[in-house]
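Q: According to TrEMBL, the record shows the following:
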type	residues	note
DOMAIN	23-287	domain 'NADH:quinone oxidoreductase/Mrp antiporter transmembrane'
DOMAIN	289-341	domain 'NADH dehydrogenase subunit 2 C-terminal'
TRANSMEM	60-80	transmembrane segment
TRANSMEM	92-115	transmembrane segment
TRANSMEM	151-170	transmembrane segment
TRANSMEM	177-195	transmembrane segment
TRANSMEM	201-221	transmembrane segment
TRANSMEM	233-254	transmembrane segment
TRANSMEM	274-293	transmembrane segment
TRANSMEM	321-346	transmembrane segment
Amino acid sequence: MNPYILTTLLFGLGLGTAITFASSHWLLAWMGLEMNTLAIIPLMAQHHHPRAVEATTKYFLTQATAAAMLLFASATNAWLTGQWDIQQMTHPLPITLITLALALKIGLAPVHSWLPEVLQGLDFTTGLILSTWQKLAPFALLLQIQPANSIILIALGLTSTLIGGWGGLNQTQLRKILAYSSIAHLGWMILVLQFSPSLTLLALLTYFVMTLSTFLVFKLSKSTSINMLATSWAKAPAITALTPLILLSLGGLPPLTGFMPKWLILQELTKQDLAPTATIAAMSALLSLYFYLRLSYAMTLTMSPNSLAGTAPWRLQPSQLVLPLAVGTTTTLLLLPLTPAAVALLSL
C-alpha cells in the first residue's frame, strides 16, 4: 500500500477514536465510530484476496448495523428525555439498545459470530488493529453511560466468557482461536464494568499488551494454523521458548501478568455478593486455558518432519521489527508484582 494512503488511513483511525473519546454528544460519538470503521476497511481489503474481501464486507455490514442501532437509540433517547448528552442517559430503553449496539461493535456474545470469520480473513497486522485499537472507542462509550441495568451486562459477560472458551476448543486456525480468546477477555471486562470501571480499564490494557505479543509472535513465525506452529523453533528458537509463557499469561495463570485482572475481577465480584457469577467465570477460564495449552504443546513439544532447508531459517535476520515484540513479551510476563501500583494509578 502507498505510504501516503497508509498514513492517511492510520490518521483517520486515530482521529475517529479521539473524536469518540472527546465527545459528550451522541452524534459526535457516532461520527467518530463511523470514521473508525471507514478508515480500517481499506486496510482490511488491501490484499486483493477473496477471503479478505469477504471479511471486509462482513465487518462493514455488522458495523453499519451497530452504528444504525446506536443512532436510533440516541434519537429515541432525545425523543423521550430531550437530551443528546452521553452522560444524561436516564431512560432504560435507549440505554439497553445502546449497550447491545456497542456489544455488537466489539463482538460480545451472543452477537459475536462475525468476529472469528472476519479475523480469519485478515493478515496479522490488521487483525491486531481490529482486536485492540477498534475496541477503544466503544469501550469509552460503555464506560461513560455506565448502564444501570446490571442483568444485561452480567448476562453479556458470562455468555462471552463461556462462548469464548467453548468456541476456541475445536479450532485449528490461529486467528479464529485469537478471536475466541478476545471474546472471552471482553466478557471478563464487561462483568466488572458497572462495579469498578477502573478495573475494566486495567483488564483492557493488560489484554492489549498480551494480544500484541501473541499476534507479533505468530507474525514472526508466519504461522496461521496449529500444525504450522511446529516449525517455529527453526525460525526463532528463543521466542519459541517464551511463547508458552505468553499464552499461559493470556490464560490467566500466576505468576504472569494475565493473572492480575482475573484475580482482581473475581475479588470484586465476590465483594458484590456475586459468588456464583465469579465461580462460572473462573470455570470458563479453564476452557480458554485448554486451548492455550494446546497451542503451547503444538509449538514447543511437537516437531515437524525436518529437512536441512527447514532447519536453517534461524540464521536469517528477522524481517519485522523485534523491539515491539520484546517490550510486549516483557510486560506480558513480568507485570504481576506491579499490581498494587497499577490499581492505585487507575483508581486515582
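Every residue gets a Cβ built from N, Cα and C, even glycine.
For each listed feature, how buried is it and what is near it?
A: Through the fold, the transmembrane segment (177-195) approaches residues 103, 106-109, 112, 115-116, 118-120, 127, 131, 135, 139, 142-143, 146-148, 150, 153-154, 156-165, 167-168, 171, 203-204, 207, 211, 214-215, 250, 261-262, 265, 268-269, 271-272, 277, 281, 284-285, 287-288, 291-292, 295 of its own chain, all at least 6 residues removed from its boundaries and within a Cβ separation under 8 Å.
With a threshold of 8 Å between CB atoms, the same-chain residues lying at least 6 positions outside the transmembrane segment (274-293) that come near it are 154, 157-158, 161-162, 164-166, 168-169, 171, 177, 180-181, 184, 187-188, 191, 247-248, 250-253, 262, 265-266.
Nonlocal intrachain contacts for the transmembrane segment (321-346), taken as residues 6+ away from its ends with a CB within less than 8 angstroms of a stretch CB, comprise 198-199, 201-202, 206, 209-210, 212-213, 216-217, 220, 239, 242, 245-246, 249, 254-260, 263-264.
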Q: Go through 60-80, 151-170, 233-254 and flag the stretch with the largest number of C-beta pairs under 8 Å relative to the transmembrane segment (92-115).
A: 60-80
Q: Given a Cβ distance threshold of under 8 angstroms, which distant residues of the chain, six or more beyond its ends, lie next to the transmembrane segment (201-221)?
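A: Same-chain contacts beyond the ends: 124-125, 127-128, 131-132, 135, 139, 143, 174, 178, 181-182, 185-186, 188-189, 192, 228-229, 231-232, 235-236, 239-240, 243, 246-247, 249-250, 257-258, 260-261, 264-265, 318, 320, 322, 324-325, 328-329, 331-332, 335, 342-343, 346.
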